[in-house]
């Protein structure tokens with residue numbers, strides 16, 4: 001998937017809204033739906049650490065609250081300020097597994113514009129899903 | 001705070017977007033900012049349960065990603081389909097503690113239009129916050 | 001409930017095991033069962049912040065994995081190094097609501113031995129529980 | 001790694017302690033340290049879903065509270081009652097990334113004794129870690 005310069009601008013705008021009084025590690029996400037809408041996400045930290053919500057999940061739940069459903073998403077771009085683009089954490093991979101197609105592109109970038117491309121399935125191989133939930 | 005009928009319509013619209021394949025317990029949230037904007041939230045479940053995000057948090061992080069900051073929020077309405085309006089869970093109370101004023105009204109309602117009113121501080125008395133974080 | 005000096009020693013031992021490379025804010029928990037067994041807890045942080053597990057929850061799930069059930073717990077002591085004893089976060093209050101009696105004492109202390117006493121129900125008034133989960 | 005029958009008995013004992021009033025999906029974990037101690041884990045659910053803690057994390061934080069540190073773990077076995085052994089969720093993969101060696105074996109099994117073997121790094125490729133946390 002060819003990375004468009006405008007995506008970098010969008011995801012860095014999203015990143016600028018990060019609420020990170022504890023880590024000062026700002027992350028942005030730019031989620032695009034198959035019908036062409038876009039949602040911003042940023043990390044929102046908490047003094048108790050555990051309730052912290054990452055940028056990828058912020059973008060995804062924002063879209064669900066606007067009526068989008070699993071399968072409606074085309075791609076997500078994630079940006080940090082690190083020298084090498086960072087990967088989503090395991091929690092976000094699990095949420096993407098639930099809400100996104102397995103082959104949905106996940107594009108990781110940084111303020112320098114470096115890009116690494118992956119997919120939901122590559123990031124969470126043999127992922128846990130609702131299909132596993134049997135009540136024996 | 002006088003409960004307006006239009007808030008019930010809004011929060012039930014938000015609730016209709018809940019993604020709840022596991023509990024089938026749908027929750028909606030309607031967050032209003034001090035400058036008059038509103039954000040919808042709904043619960044977004046996950047097969048792994050732990051990554052589930054509630055309606056209140058969905059609304060709050062959606063607003064943060066749009067540039068709102070702690071202190072910008074005027075009130076939140078939460079709705080379930082239960083006979084008695086449900087209270088926010090402890091995770092959401094902790095996130096409200098981080099992002100909302102202590103005296104911000106939290107209005108709990110249900111499809112029948114019953115209303116219970118509380119505040120952030122009443123729901124999380126002696127709440128944990130960044131002021132506790134000292135590195136001794 | 002009279003606070004025993006030995007509880008302070010126990011909870012500070014638990015606290016010494018905290019894994020806190022990110023916040024350097026160490027918390028310990030000392031959970032006692034009604035049949036007289038005790039479990040240590042400490043906070044276990046994560047680079048991704050969200051998967052961080054607090055001391056109170058560490059102690060409680062350790063006990064469940066050893067066969068204890070909701071209602072089996074007599075009290076919990078929590079200790080930080082802060083000037084004023086800190087309260088449990090909302091996530092831990094929610095987990096205590098699930099696993100502990102409403103009137104179970106929660107004793108908050110610090111390295112100086114100051115003590116604040118509360119209960120599960122006081123910390124999470126009008127708490128969310130399984131009774132709220134109706135599928136309308 | 002040759003799977004030993006006694007590990008199946010251990011992990012199923014751990015699984016029998018699962019607290020799963022909401023999903024009825026019981027999971028057990030059996031964690032072994034390099035110096036030969038073992039810790040049980042089981043999933044501990046919560047009415048609010050989000051505070052649910054999985055079996056793998058229960059075992060790991062139990063060990064940390066007993067003084068074990070990242071790098072001290074030799075292997076983990078996880079068991080469900082599903083027809084095909086289930087994989088850990090993304091949250092647990094992220095916690096294993098924090099606390100375990102990248103090449104630590106993760107053995108997935110079920111009540112029928114089927115076994116699938118993987119490692120921490122295979123389950124969370126290009127995993128997010130403390131090395132990513134730079135404050136630009």
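From the backbone N, Cα and C atoms, a Cβ is placed for every residue, glycine too.
All annotation found in TrEMBL is predicted automatically rather than curated by experts.
Positions annotated as domain 'CMP/dCMP-type deaminase' by TrEMBL: C:2-131.
Its own atom aside, the Cβ of residue C:43 (substrate binding site) has 31 Cβ atoms within 10 angstroms in the protein chains shown. The substrate binding site feature in TrEMBL is assigned to C:43, C:44, C:45, C:46, C:47, C:48, C:49.
Taken from TrEMBL, the feature Zn(2+) binding site covers C:54, C:89, C:92. For residue C:92 (Zn(2+) binding site), the same-chain residues 6+ apart in sequence whose C-beta sits under 8 angstroms from its C-beta are C:54, C:56, C:57.
When other Cβ atoms within 10 Å of the Cβ of residue C:56 (active site, proton donor) are tallied across all protein chains shown, the result is 27. Annotation source TrEMBL lists active site, proton donor at C:56.
In this entry, C:44, C:46, C:47, C:48 stand out among the binding-site residues C:43, C:44, C:46, C:47, C:48 as having a C-beta under 8 A from a C-beta of chain D. Look at residue C:44 (substrate binding site): DSSP puts it in a strand. With a threshold of 8 Å between Cβ atoms, the binding-site residues C:45, C:54, C:89 that neighbour chain B are C:89. Most Cβ neighbours within 10 Å, among the binding-site residues C:44, C:47: C:44 holds that distinction in the structure as shown. Sequence-distant neighbours of residue C:49 (substrate binding site) (same chain, 6+ residues apart, CB-CB distance under 8 A): C:22. If you measure from the Cα atom of residue C:46 (substrate binding site) to that of residue C:89 (Zn(2+) binding site), you get 17 Å.
The two recorded residues, residue C:47 (substrate binding site) and residue C:89 (Zn(2+) binding site), have Cα atoms 19 Å apart. A distance of 14 Å separates the Cα atom of residue C:44 (substrate binding site) from that of residue C:89 (Zn(2+) binding site).
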